[in-house]
Structures are given as C-alpha cells and as structure tokens.
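Chemist: Just passing along the structure, written as structure tokens.
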C-alpha cells in the first residue's frame with residue numbers, strides 16, 4: 001500500500017458534545033473489525049451532529065438496534081429507528097463482504113484482524129446551505145478511497161483501491177452519494193439542530209491552568225491545560241516574550257472529557273528559573289477575550305516558615321502586653337501596695353505550707 005496517512009475516524013467518533021450560527025455538520029462513522037476465531041466481525045455505526053454523539057448501533061449488543069445517544073432524539077418518530085436499524089444491519093452484512101474482498105486485494109491471510117473505517121457526512125453554513133460533502137474509507141488505518149470535493153469523482157490511495165474506484169464509477173456510486181449529501185443529509189441536519197438546539201447550540205468556555213513538571217539538566221516542562229469546553233474547536237499557543245513557540249511546542253489532539261465537553265493541553269520545555277518569561281494563550285469562542293496564563297509557583301517553604309515565625313512573635317507580644325497591662329491596672333486599684341489581699345491578724349505564715357497552685361485556663365464556653 002502507499003504510505004499510511006492515518007485517518008482520524010476513530011478519534012472523531014469518540015468525540016462527544018454555545019450559541020453558534022454555524023457551520024454545522026452531520027457525520028456518520030462506520031467501523032468493521034474482523035476477529036478470526038472469535039466469531040463474526042464486529043460492526044459499529046455512530047452518528048454525530050457537530051461534536052455530539054446522537055445515535056449508535058453495535059452488532060455486539062444483546063439486541064442490536066439503532067439507539068438514541070442524546071435526549072433530544074426521543075422526539076423522533078418510531079419509524080426512524082426501525083428504518084435505520086435495518087440500514088445498519090445491511091451495512092453490517094456489507095462490511096463482512098468488504099473485509100473478505102480486501103483480504104484478496106492485498107493478498108493477505110485470513111488469520112489476522114483487519115479494520116475498515118468509513119466516514120461520510122455534510123457541512124452546512126449559517127444559512128443552512130451545503131458547504132461540502134464527504135466520504136472517506138480507510139483500511140487498517142490507512143487511506144483507501146475518498147470522494148472528491150466535486151462529489152462526482154473518487155481518489156484511490158493505491159492499486160488495490162483502483163479496483164474499487166472502477167467498480168464504483170461503473171455503478172454510479174458518486175451520483176447516489178451526492179444526491180444523499182445534498183438532500184437528505186442537509187435536511188436531517190436541519191431537523192436535528194432544531195430538536196437539539198439547547199445542547200447543540202451552546203458554548204462552554206474553557207477553564208485553564210498551567211502545571212510545572214521537573215526534567216533533567218536544569219529544564220522544566222510547562223503544560224497549559226484547557227478543560228471543560230464546548231464546542232471542540234480551540235487554539236492553545238505558548239509565547240516567549242511575545243513570540244510564538246509553534247515549533248517547540250507539544251500539542252495533543254482535542255480529547256473528549258466524557259461529560260459532553262472537551263480537554264486539551266500544550267507544553268513547552270524551558271530553562272529552570274525562566275518560567276515567568278513564558279505565557280500560554282487560549283482562544284475559544286466561549287471566551288469574551290483570549291486567556292493569558294503564566295506558571296504561578298506555590299509559596300516557598302522558607303516564606304511559610306517566616307510567616308509562621310512572625311505570627312508567633314506577634315502573638316507572644318500581644319499576650320505579654322495584655323498581662324503587663326492587667327498587672328499595672330491592679331496596682332493602680334490597690335494604691336501600689338503590691339497585692340489584693342492582707343494577712344489576717346495573728347496569722348503565722350511560717351506554720352502553713354503554700355498550696356500547689358496551678359493556672360487554670362478559663363473555658364469561655366463553660367457555665368462554671
């Protein structure tokens with residue numbers, strides 16, 4: 001095969017769920033996986049409106065059916081589920097044939113596991129009109145065949161895919177796919193956006209922070225996190241004194257958080273002690289303006305010790321001052337004689353031992 005250009009079909013299919021005028025997309029992801037010795041291939045079909053999964057079919061389910069994955073899909077009539085369940089089962093059967101066919105095209109043995117991925121759908125603008133339609137097929141993670149932007153022709157990735165291309169051209173496959181993309185796909189997307197507008201047209205702004213990670217050779221990694229945002233489109237950049245560090249930055253793909261929002265991070269390696277010269281910038285449509293963040297070091301142990309010592313000294317000074325003030329007040333009240341009590345006439349101080357007196361701290365909550 002030609003050099004593999006891994007399609008991000010599964011990554012997109014795993015993506016889950018502001019108010020947005022557009023564009024919007026309706027996409028379906030089909031995955032068929034052979035598993036020799038473990039039974040028939042598994043077939044999964046997942047549908048997305050923008051970044052929200054709304055339907056799913058899994059051939060491994062106890063009762064394989066097209067099932068809603070979003071609450072707003074409960075408004076769809078029962079016939080929708082019956083019709084699409086049958087379509088999914090037909091696609092499951094076709095995928096088994098396709099897996100066997102590609103084994104033959106690539107002269108592969110039947111002993112290994114192989115995967116076919118298919119993604120198709122449409123994008124519409126804020127006016128509801130079609131912006132583009134697409135269909136892509138991958139085999140074992142590599143491009144196989146794709147519908148071109150004109151929606152009339154196909155691009156084959158290798159010699160094996162050319163066989164499929166010729167068959168599809170003879171069968172008029174592009175014309176049928178174009179009719180669907182320009183018609184039913186756009187119509188259903190409009191309907192889904194209307195039914196699910198509370199979810200699909202919302203915006204959740206990202207919560208961002210920077211973490212600090214030690215490295216050898218007097219280096220550290222600064223990692224800028226953006227969490228809990230929707231929709232998935234976001235930009236994270238690092239700057240050094242105002243200049244972007246695109247080449248030196250590690251950036252991960254946007255990932256689903258599992259709660260209908262997304263997360264992402266970008267990191268740079270910087271010299272130890274120079275962290276404050278680096279800033280992270282977060283751009284998202286849910287933010288009134290971009291965020292700018294720096295690494296904020298926690299208070300040092302020395303600073304904490306000094307603060308505690310100062311508080312102890314101040315506390316001791318306050319207590320000492322209160323005691324001195326109390327004694328001075330008592331002296332004034334007794335005319336400076338040094339005490340409140342005089343010995344009774346005839347008392348013999350030498351005959352009595354002093355009691356074992358202990359200071360009792362008064363409990364302000366006690367009634368005694």
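Cβ from N, Cα, C; glycine included.
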Chemist: Choose the correct range: of 6-15, 296-305, which one does Swiss-Prot annotate as region 'Connecting peptide'? Give that range.
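Modeler: My reading of Swiss-Prot: the region 'Connecting peptide' range is 296-305.
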Chemist: With respect to Swiss-Prot, which of the residues 109, 347, 353 bears the note phosphoserine?
Modeler: 353
Chemist: I want to verify one value. Collapsing DSSP to three states, which class is residue 185 (disulfide bond)?
Modeler: helix
Chemist: For a quick check of understanding: among the disulfide-bonded residues 122, 185, 224, which residue's Cβ has the most other Cβ atoms within 10 Å?
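Modeler: When each Cβ's neighbours within 10 Å are tallied, 224 leads.
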Chemist: Just give the helix, strand and coil counts over the domain 'Ig-like C1-type' (206-292), going by DSSP.
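Modeler: Its residues fall into 3 helix, 51 strand, 33 coil.
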Chemist: Residues with Cβ closer than 8 Å to the Cβ of residue 280 (disulfide bond), same chain and 6+ apart in sequence?
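Modeler: In sequence order, the residues whose Cβ lies under 8 Å from that of residue 280 (disulfide bond) (at least 6 apart) are 208, 210, 222, 224, 236, 237, 238, 239, 266, 291, 292, 293, 294.
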